[in-house]
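Take a look at the structure below.
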Amino acid sequence: MRLVIALWHKWLALIVGIQLLIWLGTGLYFNSLMDSAANITTRQAVQHEAYLPGIDLFPLNQLQAPAPIAAKVIWVLGNPYYALYYNQPSHNYFKQERLLFDARSGKSWQITPALVSRIASLAYSGDASAQQPRLLSPPIEDLPRQQNPLWQVNFNDDLHTSVYLDALTGHVVKYTNDNQRFDDLMFTLHFMDYTGTGSFNHWLIIAFATMTAILSLSGGYLLLKRSVITKSSKTGSHHTLQVSSTSSPEIMTLTTPPDTSIFNALARQAIHLPSECGGGGTCGKCILRCSPDAPVSEAERFHLSSDQLKAGYRLGCQQLAGDNKTISLL
Amino acid sequence: MIKTARTSHKWLMRFTGLQFILWALTGLYMVCMDIHFIHGESLTRAEAQTLPLSDIRFSLAELLQVYPDASNIELVTLLNQPVYRFRSASGQRRIHLISARSGLPQSEITANQASTIATAAYTGNGELVSVNPLISRDARGQLRPLWVVTFSDAASSTLYIEQQSGRIIRHRHNYWYLFDWMWRLHIMDYDDGENVANPLLLILSVAGLFAALSGALLLILRLTAHSVRSTS
């Protein structure tokens, strides 16, 4: 059981390992390095609203438009407009169905590039010049969740500030710059959003999160199991072990706490048994020869044949020093 | 080398392992549950009653004569009639409802009206259980009286209706509360879940990063040990 879990633990770690380090690294970034409030310092509120009474308004009930769900009086640079809504998306970045009318003339209206330029400049407090507005259709690279077309106005500053404005009204929807783009990249990495969905509910991250859950639970299981095997003695009583070797005629005497594994007791004497797992009972490499009546662990039964067990072959990491009097290194 | 990697992986994981399990399990819940479902967006229907513009018999110009300081003016269907909904600066930005048919001011939403609004919008299959008043504060810190309408479905779906406007301003169900707790456990901020930059998370993230790196080292050593052996 433990060996199967250890095997799973190893292979799952191989699959999710790099992403796990990315999660920890980006998580640490969100925790202590990210300061999203300070990302964009050239942001500036634009005053659109003006005083409505006194303006000769076109009657709403005479608009040439299909019946909407809702209507709003909105402002663009001091001028009133009627916005008619034909859907109610729960987020503004969802597809919006709207019509816009000049509230004075009742005529259909849409922002012009020249006005977009003006609003973008008013919305930007830096000194850099602005480029021409461009009307972008989704997908928009900086804003992966956005499903509506937006105007993009880029500023020639060091941080490559971009202001995104509503395609119909010219209201500022979003600012971004290289600081913000770096934070966005960290989120992309944390959410594994490598296909640019703008979301963390996708199959890739669900698959990795499932594997990581199994990885961490299997790790917890192994930690509990191994704590039992390798706990070190605090009693101070000592056990003497005779160590012989097939490659040399000398016999060494080793004094060690009885509940230390032979693997660890030998390692303390700078005798390193072959091992890939470092004494975890999973690789089966630290074979040595004990007395044939030495206890047999689950790991030994897995890695050694019954003939080997009968002949006294055991794993150094599975044998407690106290259970053995003489051992022989191969 | 491999022994050091093993020992540090073991000891660092003794310290951070439980949080690793919590990160993995809470993360798994959060990525599996569609965030729009968690927000309760599916609790109310997306389609809404249309508003025939010819129904407007009380014009905007007439409204402005009575409320010259009206701002954020919108026209919506509320309880089967078109109403103007707006804020007035003189009324401490309170929200007004004026019938677009008669021009008469509408009183604040009653408990009965709130249950009508909630039941009409609700998409689930539960029955209405209770309508209770609640005073909360809006983003500007102003007092905002609400009606809390609860349904009898398995997720205890609850809609919060603003008394001044009749708007459904909050959707809650058990999955949301569970998500909220998953989030708190994930970022290790147990009081309100608002502070990602907390020192506890910093300590565990740094220790966790070392724990994972020692594990990565262990993995590399084990895998390369394999390849050395198989080529020799």
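Numbers here mean position along the shown chain, with the first residue as 1.
Cβ atoms are placed via backbone N, Cα and C, with glycine included.
The transmembrane segment annotation in TrEMBL falls on one of the ranges A:110-132, A:202-224, namely A:202-224. The range from A:12-30, A:69-87 that TrEMBL describes as transmembrane segment is residues A:12-30. With DSSP classes pooled into helix, strand and coil, the tally for the domain '2Fe-2S ferredoxin-type' (A:239-330) is 21 helix, 28 strand, 43 coil. Counting only same-chain residues 6+ beyond the ends of the transmembrane segment (A:12-30), those with a CB under 8 A from a CB of the stretch are 186-187, 189-190, 192, 208, 211-212, 214-215, 218.
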